[in-house]
Structure formats: C-alpha cells, structure tokens
Amino acid sequence: AHYTNAINGAPSIEVVQNILNQANAQNTANKEANEQAALLQKNKNEALDELAKLTELTPSEIEGFTSAINSANDIQTVMSTLESARAQNEANKNAAAQEKELEEAKNEAIKQLDGLNLKDDERQAFVDKINVAKSQDEIKTVVSDAKAVSDNNDQATSEQQLSVAKADAKIKIGSMNLTNEEETAFASQIDGAKTINDVKSIVEEAQKVSDVNDAAEKELTEAKQNAIKQLDLLNLKDSEKQSFVNQINNAVSQDEIDTIISEAKGTSDNNDQTASEQQLVDAKNDAKSKISAMNLKDEIKATFISQVDAAKSISEVKAIVEDAQKVSDVNDAAEKELSDAKTKAINDIKRLNLTNDEMTRFINQVNEAQTVEKIKSIASNAKIQSDANDAEQTLQSAKDKAIAYLKTLNLTKDELNAYTLAVQNATSIKEIDTIKTNATNHSDKNNEVQELKNAKETAIKQIQALDLNNTQHFIDQVNQATSIQEVNTIVGNAKQAEKDQKEQAEAEKLAKAKQDALNELEGFNLKDQKEHFTNLINNAKSSDEITRILADAKKVSDKNNEPKETVSIYFNFYDQNRKLILSKTLEMEYGDYSFTLDDFGLGHTKLLSGQLSGTIDPGDTGLSIRVQVPSISDSQEERDIMYEEFYKLLNEYRVKNGLKALNVNSILQAGADIRAEEISEVFSHTRPNGSYHSTVIQEVAPGTIFNGMGENIAGGGFASFSGKDAAEKMLQLWINSPDHNSILLDSSSNEAGVGFYIKGSNVYATFLISTTPR
C-alpha cells in the first residue's frame, strides 16, 4: 500500500521509476529474508528430528535443547545446540554404562563380604557403604576396610576356639590315610596355625593327600590281586607259591610286585627244567584223562591229546588242558541250550490240540533235531496243525449246538430235517449262523404270538429282578410291545436305567466325598501346591483315591507348618523410564523362589531386566527389576488417560489458585488436536500455511467465533511415558513458564481443549483456552 500510494502521488515518470526501483529492491530484500527464514526453519526441523533420536537424553534435557533450537535466530546457533545435544547424549550413554559397571562392582563386593569374618552389624555397615559408593575405587576401599576388620576378628578369636579347632583337626587327620611322616607334618602345621581358617586349609590339604593315598592303595590292591592270579598259572610248589604270595601282599609298589612276579616266573622255569621225566609223563597222563572226560568231538579230542604228547613242560600241558576245557564248556553250553529247547518244545506240543499220532510224530521230530532253529520250526508246524484241529472241532461243535438249537424251535418234522441236513453239510460257522437265522425266522413265523408272549413273561421277570425306582413303567412298556425286538430293547433300557441309577448314586457319593475333601483341604497349609491337590481331588475316580490324596496333602501341610528361617527381601520395580512404580517387601524362606509379574499385580507389564526366579541365599536383601509399562506410544488406553489426567490436574491447579474449573469444549479440543500435529512440523504459533493459530477453529466449526482465544504449545521426549506421567510432565512445562502459566490461569476463560500428537519419541501438545463461543 505504501508504494502504491507513492506511485499514485508521483509528480513525474522519473519519480515513478525511482519508486519502482525502491519497491523492487525491497521485494528482493524481503525474498532473501523469507528464504533465510525458511532455511532456518528447515534446519530447526531437521535438528528437532535428530534430537528425537538421541535416546539417552533425559526429558528435561530434551526440553531444554528443544527450546534452544526453537528460539535460535541463526543456523549456526541451531547446529551448535544440536552438537551440544549429541555430546550430552554420548555423555549420558557413558554415564549409564559406568552406572551399570558400578552396580555390578557393588554386587560383587557384597558377595566378597560373605566370605569374611564379620559380625552382622559390621557386615550391614559395610553393605550400606558399598550401596552409597560413587566409584569403584571407593568400593575397593570399603572392601579393603572390611577385610581389615575381618582380619582383626580372626585375630580376636579366643585361644580356646582355636584350640578346639586344632584338636578336632588332629582327630580328623588321625582318621585319614596318611603315613606317619605325613601325619606328623600336618599335625606340626596345625600346631603352628594362627587362625581357624588356617586350620581348615591344613585339614583340606591333608584330605587331598589322604585321597591320593586311598587311590594309590586301591590301585596297589588290584595289582596284587592280578599278580596272585598269575601265580596260579606258574609251575610252583605250594611252599614256593605261598612265599611269593606273602611277598606280593607285603609289597608297597607296582615295581616291587613286577619284580616278585619276574622271580616267580624264573622259579617256575627252573621247576619246569628240573622236573623229572616221570613228573612230565604223570602230568601228560592226567591231562589225557581229563581231556578224555570232556565234552569234545572225537577229532577235537584227538588234536588236544596230540598236543599234550608233544608238550615239553608241565606248564605247557596245563595250558593245553585249559584250552580244551574252554572248548568243552562251549559244547556243554550248546548242548544245554539244545536240550532246554527240546524240553520246552515238547512241553508246548503236549499242550496243543493234537491227536495221539500227531503228537507222537512231532515229539519224535523234536528229539531227532540237531539245532535250535530246527526245533522252533517243528514247534511252529505243530501249532499250525493244532490250530487246524481247533477250527475243525469248533465247526463240529457249532454244528452240534446248531442242531440242538433247531430242535428247540417250532418247526415241522420235514422243516427240522431240512435245516438239520443243511447244518450237517455246512462248511463254515458263518454258514451255520445263516441257517440258524433262517430257521429261527421260520419258527418265529410258526409261533410268533406265543414267542412274543413268552418273551414278555421272561422280560417282566427280568425287570422285576432289577433294583429300579420305576419298575412298573418298564413293565407297562413290555405289555404294550408288538415284537420281541421291542421287548428286548425295553429290557436293555431297564438294565441301563438300573446301571445309570447305581452310577448316579455312586457319582453323588463321590461328589460328596470330593466336597468334604476340598473343605478339609481348606484347613491345610499347602501354599502354592493347593491348586495341585485341588485338581487331584476333582479328578479322582474313587473315595479311596481321595483318601490317599488327602493323606499326601496332610504330609505337605505338616511339612509347611514346620518352623523355617525367613528373611525380608525387597522387590523394587522400575518402569522403562527408571521410575519406581512398586516397592514390596516379602518374608521369604532361604532357597529357590519363583514369581510372575501377575503375583505383584503387574501382569499388564513386560519384563525388561531382573530375576523373577532364582535362589535366596544368606546375605541377600532385595532385587531391582525393570518392566515396560504400557505407554502413550503403544496404548490407546494410556492416550485416553493422558487427556483425562491433563484436564483433571489442570482444573485441580486452577481451583487451588482460586479459579473455576474449565469445561472441555469439543471444538477447542478438535482444533487443539490439529494444532498439535502442525507444531510437530513447524513449532510456532503461526500455522504451516502462514495463518494465525486461531484460524484452525474455522476448519473445525466454520462460523464459530471465540473471543480472546489463547494458545500454549510444547514438546518433549515423553512418548515412552504412561498417560498419567505424560500429562503431568506437559502441564508442569507450562506451569514452570510464567507466560504459559498465565494462560493456564486466565480468569476470564471458562472453556478449553488440549491436543496431543506423538511423533517418534516426542510428544507435541497444544492447549487452547477461551470463553463460550458466540
């Protein structure tokens, strides 16, 4: 408008041209300024995007860097701020790693305390110092101090305690497998020990030496036994053998035993050489007699006797006899196996369905068989013949029974003869059954009425013999039946009813027994096994089984009621943002434990780190566990809570400051949601299209006018927070800023709306406040 007015008032073309030149220059300057502003905003957006990826920054740090970037007036300041954020992120990452290393060092240091001689109060004091230590050097100093106290405690141990420990140690050493020199040396070490721990170490070393001696003695004993067995194979006189046995028993090493055996072999060789011809002849004759009595084939027996004749020494004769005996033993075993197989086969054949001739033939074949395989084949053939005899006899028996059955039917003489002849000519039981069925049908047709009457009378008697509550009901059905099949069905139904009635009674009795058992179970101390025993009772099939289950449960309850040593263990649960969400102390017994997140009411969370199962040892005090709670980034429910919590906290804050609570306005709410998404792209009260923030209302509700609408905007890395925490953090950002706080506490407004938009790890928020629209 300025340049237009100047041109309209220009007195000459020259002045107009000058004004145009000024306007063009100003336009170029404005264009450059706008391009610089756009480039600055682009760099800010890129910096904010990278800032959102720096996951090691705290929410307050992200908030500070975000504010610095948004308020920067040049690109250099934006890049400088981003570089500072990167450095802080790396520093936080290193600090977290150092914190983890420090925590591990603390745990290891506390474990070291368990091996020291400390009183309970001394140990707890050192544990407290370790827990508050700020560096590993500080932890090492605490452990060093603890070891010094432990050493002093060791030195302060009374001489009486040390004397008792020494006496016990000497008794233990005296019972060990030690030489006199070894026992004397260890006893001397014990006398010179200064602490009980020294005494224990000496006893442990002595035990190791004793174990080595035990192993050496066992090895030496086995060597002696083997050596004595070798003597049995040598040509030694009884006195010579006993002398060598005594020497072996008195030997103290394997080398000494080897030497003795070598001497024994030399003596045996000398005996062999000096044995008289008559001794060798006597040995050979004796060997031949033994071989002749063995279970050997003639040609094998002749071979061994030939070897005996050619033998040059008594030792050689003995070896030949031993070899012959081994062959004889094998033959004995083979003959016994064949004999046992024959005995079993004959016994099996005698139990089969065979004629006398068949049985005699098969038994003779077995007796003549020379191999076990042949015997099995004969037994199998006998079984086949027996099965065939069984089938023939079964068929004949079926014919006899069928003919007898035919005579019971209501048939004429000619009809009976015809059916009887058919049965006699039948070749299978199936054929006989068909003939019987046809004859039965024929008989039924001859006297159907009488049979039905007889069937009814029989059925009624059967029903009356049953234990039923509704006997007359089934008798009435029988009387009304029009066929025997129907009568039989009714009888079957009656029997089933009796069975159902009995089963119902048993079921009711079992159900009562189960309920009584479950009631009794309530008085037992079963802990986590209660559900197990409840399931066993519910699945029990009899009262006896329930009684056994109750007895087992009683044993478990009695054991659980026995007094046990417990310790207080704390469980601290932190969320993914390292916020303590639950601290619970349990009285627990030493030993294994196992929990689930449901046990702590945290079934809606996911375990990130820490042990929910393990072992409680003396000295343990507690556990720290991290879980992932539902957050606004992954839970619609948490996002809903974020809105509700924000309005709740805001109105509580206003009321606390003497103001009225605000009403939630759906138009402002919708507009705030749009603006929250817009500031994730351009963090400004000016919209991305260049218009003022209040224009968003016309998009939501055209024609609606709010007077004096205020806007707060904010952003922070709260996407991993719960809805409650995110709402609290966002509100606190505005409360901490005087300008934003004044909008929250605007006394002239009575309507409001808040919008949130999640992008990556950041949450962007817009708060709109005004009066009721016109």
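Any Cβ shown, glycine's included, is placed from N, Cα and C.
In TrEMBL, the coiled coil annotation falls on 442-469 of the listed ranges 274-301, 442-469, 554-581, 666-693. Listed ranges 82-119, 310-347, 348-385; the one TrEMBL annotates as coiled coil is 82-119. In the domain 'Extracellular matrix-binding protein ebh GA module' (26-86), the DSSP tally of helix, strand and coil residues is 52 helix, 0 strand, 9 coil.
A Cβ distance under 8 Å defines the sequence-distant neighbours of the coiled coil (442-469), meaning residues of its chain 6+ beyond its ends; these are 409-411, 415, 419, 475, 478-479, 481-484, 487-488, 490-491, 494-495, 497-498, 501-502. Sequence-distant contacts of the coiled coil (199-237), counting only residues of its own chain at least 6 positions beyond either end whose CB sits under 8 Å from a CB of the stretch, comprise 162, 165-166, 169, 172-173, 176-179, 182, 186, 189-190, 193, 244-245, 248-249, 251-254, 257, 260-261, 264-265, 267-268, 271-272, 275, 313-315, 318-319. Across the range of the domain 'Extracellular matrix-binding protein ebh GA module' (330-383), the DSSP-based residue counts are 46 helix, 0 strand, 8 coil.
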